[in-house]
Structure formats: C-alpha cells, structure tokens
Amino acid sequence: MNRVYIKTYGCQMNERDSEAVAAMLRGKGYSMVENESEADVILLNTCSVRDQAEQKAIGKAGHVTARKRKNPNLIVGIMGCMAQNRGDELIDRLPDLDLVVGTQKFHRVPEHLDAMIATMQGQGPRPESIVDLEEEAGSQNTIRSHVEDKRQVSAFVSIMQGCNMKCSYCIVPKTRGEERGRPMESILEEVRELAAKGTREVTLLGQIVNQYGVREFPFVEKKSPFVQLLEQVNEIDGIERIRFTSPHPVGFRKDLIDCYARLPKLCEYIHFPMQSGSNRILKAMRRPYTIEKFRSIIEQLREVRPDIYISTDIIVGFPGETEEDFELTRKHFEEIGFDMAYLFKYSVRPGTTAEPLGDPVATEVKEERNQKLLDILGKRSLTRNESLVGHIEEVLLEGPAKRGEGMFMGRTRGHRKVIVPASERLVGELVPVRINSATASTLMGELMLEGVEPAPTAYANSI
Ligand code: 5AD
Ligand code: SF4
C-alpha cells in the first residue's frame, strides 16, 4: 500500500512542492515509483494558471479514478493550485477522488495517506474523501526536505510562498495566498545541506523573489533582504552557481543590479517577465511599470553584464489588445532580443479582476500573434547559440542526455542546454566544453579536459 506516483503540472514551484512531498513520504516509509501502473497511490500536483492546464489535470484525474473500479484500493489525490482553486467542486465532479490538498497543506499529505490506509486496512467502509484547503500559518517553512538518496546537481529552493500583486489576469494570489517569506537562516541551512550532499547549483524560487522578506526583514546598507540572501548564498562553499525565478520590475533596484557585477556565483542569466510591450495593456493588466522602465532595468543589467542571457513571459491576446498594442509588444520583444521566452495565449481565470472583460480577442488572432513572437525568438536564440560555436563554455553536467549512448546533458552559466560526450563520473562537475555546433535550443560540444578522452563521436548523427 505504499508505492506512490506523483505527476506534476505547471511551474518550478510545483516541481519543488512535489519533490518535498516525495521526500516527506519517503521519510515515512513510502516508496516513490516512476511508473503509475505500479502505484498504490497516485497524486496529481496541479496548475491553475491557464484553463488548459486545469483541463489536462481534470482529464487525467478522470482516467485515474476510473481505474479504481478495477482496483478499489488505489488512492487518488489532487494537490496544489487546482485543488485550492476548485476545492469541493472536484469531489462533486470526481466522486472517487480520495484526497484534495491545497497549497498550504502539502506537508499534511503523509498523515492523510496514513489515516486513509489505516482505515482501508481495517477493512472498514471506504474512507471519506479528505479535503484540506485551509490557510496555515508557517506553511512556507514546510517545503524544505529534499530527496535523501539522490544527489541533486541542480536544486530548487523555495524561499517564499504567495503573491501580493494583483495582476488582473492572474489566479496565483488566489491559489497561493499572501506573500510569506521563510526565515533567511532556514533557507541558508537548506542550501548548506544541499551543498554538503553535492548540489552545485541552486535556483531560488518565489512568485516575486525580489520582494522576498520586504515586510519581515530590514534593509541593511540599502540592500534588500533578497540581496542579503544572495550575498550569503554566494558565500556557501560547494555552491558554484546561483539562479532565481521570477523577479518583478517593481523593486528591481540598483542593489540587485549590482549583484550581477559583484557576486561571482550569480549566473549571467535572468528570467524577467515583461507580459506586454504596450503601456496601455500593462496598465490594464495591473502591472505597475511602463515598458520604458522595464527596458531601463535591462539596459542597466547589460551595462554590468554585457553577456547576460534574458528570458521572459509574454501574454498575447489580453482583452482589448489591439493590433497597435501587439505591434508594440512585437517591437520591444525584438529590440530587447530575448534569448528564451514563454509565450502564452490569454486565458480567462475565474475570480480575477480581468474576468469580467471576457475573452474578446479571437483564438486565431492570438495564435497569429504568438507565432510572430515565436519566429523572432527562434531567430534570436539561434543567432545567440551560433555565436558560441568555437568558444569554450563552462558547463555543469547534470546527467545522461535523453538520447545517445555516452551522451550527457549540462547547462552553461547562461542556461543554454549543452549535449556532450562524457562519462558518469563527471556528473556534477563544472567542465570546459568547446561548442561545435548549435540549434536554437541546444548546443553540441566536446570536453576540453586534459586526460579525459572524449567518447567516440557517433553523436553528430544520432542526435
Ligand atoms: N493567461 C495566460 N497566461 C497567463 N499567465 C498568468 N496568468 C495567465 C492567464 N490568465 C502567464 C504569465 C505568467 C506566467 C507564469 O503565466 O505570463 O508570468
Ligand atoms: Fe501572478 Fe502577477 Fe503575482 Fe506573478 S506577480 S504571480 S503574474 S499576480
């Protein structure tokens, strides 16, 4: 009764929450399985940010609960944002669901499963479904356990939960609640533990990381709590690279920009959501900055780190987005030259302030706008990647590549994916790699280590 399969939808925050649930379950004697057909318990960790994400998870939950007809002992749960957003409605829709666990209750999953299994083993009637969605003070401090028996070369560290912004399209403040930062010392302790177990890279996670602790902790020498945290993570031996996601233009000040000049472990990469290039739409989105302000932050970042890699989020087709508005988005998107971007078609979310505006931009128009940005992005990513051919990049080897015997995957400091022939013993190492060829998404290279023979290179054809 103790084999658990977790399927995760959505963002890195969700991945991190799933990892923490897995670690807590392992600590209680459960084992995690990679294949859902072997599982006694199936948990779906869900996303609500777009309707499509919810529909996908509901579809999956429907399939999985249907399996309970053949195997009544199977336990099925929905956790995370959609659980929080839809709550009891999920049980109405999927009466065979056993568990609905909200975003502040991940740490309760082991005890809920224990209780459910105990009732089932007592041969009693099928236990009642458990719905646990309350707010819980201090829940941000519970996402800290990591999987014990597996080295994570690169690890996510959740530094805060929730969001106090009120972007008109966004459901996150509803699903994740008020902004709550973890104590700095607890975060640092977690990073030290990770480093001791072989982690080389950490990505600090929060809805708006640069807001971390602004209410809880003081500024010191005009430095925000987030900058203080970065400084301290930079001091931890064994950690070689620091990333974070996502920052917001509001509160992105000189103290943070300067970090890119003075903290050597902070990678020259930033994910910086722009959302739109039209000030009129930014205002309607309740994003409290102008495109000029956004671009000035990027200019300052490029002054201190001319080689910085920048990625972004864009929403096309927000209600009222005209051709002129989109043209501004297109123009700024092209001029800034993003190296990566997540492009989203607007999706109405219930309960948001934009909901009453409906969804007036036609799907085909959204698709066309999306495609225009994708074309720009494809060209820019390819040019940037091609500029690396012939150069030596520092690559953190993360593990075997999905395809190709003897091939390994790693990332440059700029977060570009690199495929290289290597050996298992180099996983977790920072290695110099000469880049030999490039596509828009991937670099191919060879190790430049003395005494390390590159593996035979059939890979050029096989990848
Ligand atoms: N529709 C489309 N995209 C959305 N995002 C958030 N809410 C919506 C929505 N209702 C996008 C934003 C955000 C990213 C995580 O998801 O770009 O930065
Ligand atoms: Fe949503 Fe805006 Fe908060 Fe990001 S900053 S989580 S887009 S409300």
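Even glycines carry a Cβ here, placed using N, Cα and C.
Among the features that TrEMBL reports, domain 'MTTase N-terminal' is placed at 2-118.
Sequence annotations record features per position, and here TrEMBL assigns [4Fe-4S] cluster 1 binding site to Cys11, Cys47, Cys81. All protein chains included, Cys11 ([4Fe-4S] cluster 1 binding site) registers 19 other Cβ atoms within 10 Å of its own Cβ.
The domain 'Radical SAM core' feature in TrEMBL is assigned to 149-383. A mean pLDDT of 96 is what the model gives for the domain 'Radical SAM core' (149-383).
In this structure, Cys163 ([4Fe-4S] cluster 2 binding site) belongs to neither helix nor strand by DSSP; it is coil. What TrEMBL records for Cys163, Cys167, Cys170 is [4Fe-4S] cluster 2 binding site.
The domain 'TRAM' feature in TrEMBL is assigned to 386-449.
Most Cβ neighbours within 10 Å, among the binding-site residues Cys81, Cys163, Cys170: Cys81 holds that distinction in the structure as shown. The 6 Å Cβ screen around ligand 1 retains Cys170 from the binding-site residues Cys47, Cys81, Cys167, Cys170, ordered by sequence position. Distance noted between the C-alpha atoms of Cys170 ([4Fe-4S] cluster 2 binding site) and Cys81 ([4Fe-4S] cluster 1 binding site) is 12 Å.
Proximity of the binding-site residues (Cys11, Cys81, Cys163) to ligand 2: a Cβ under 6 Å from the molecule is found for Cys163.
In sequence order, Tyr9, Gly10, Met13, Asn14, Thr46, Ser48, Val49, Ala53, Gly80, Met82, Thr175 are the residues of the same chain, not among Cys11, Cys47, Cys81, whose CB sits within 8 A of the CB centroid for the [4Fe-4S] cluster 1 site. Within 10 Å of the C-beta of Cys47 ([4Fe-4S] cluster 1 binding site) there are 23 other C-beta atoms, taking all protein chains into account. Within 8 Å of the Cβ centroid of the [4Fe-4S] cluster 2 site, not counting the listed residues Cys163, Cys167, Cys170, the chain contributes Met165, Lys166, Tyr169, Ile171, Val172, Pro173, Gln207. A separation of roughly 15 Å, to the nearest angstrom, links the Cα atoms of Cys11 ([4Fe-4S] cluster 1 binding site) and Cys163 ([4Fe-4S] cluster 2 binding site).
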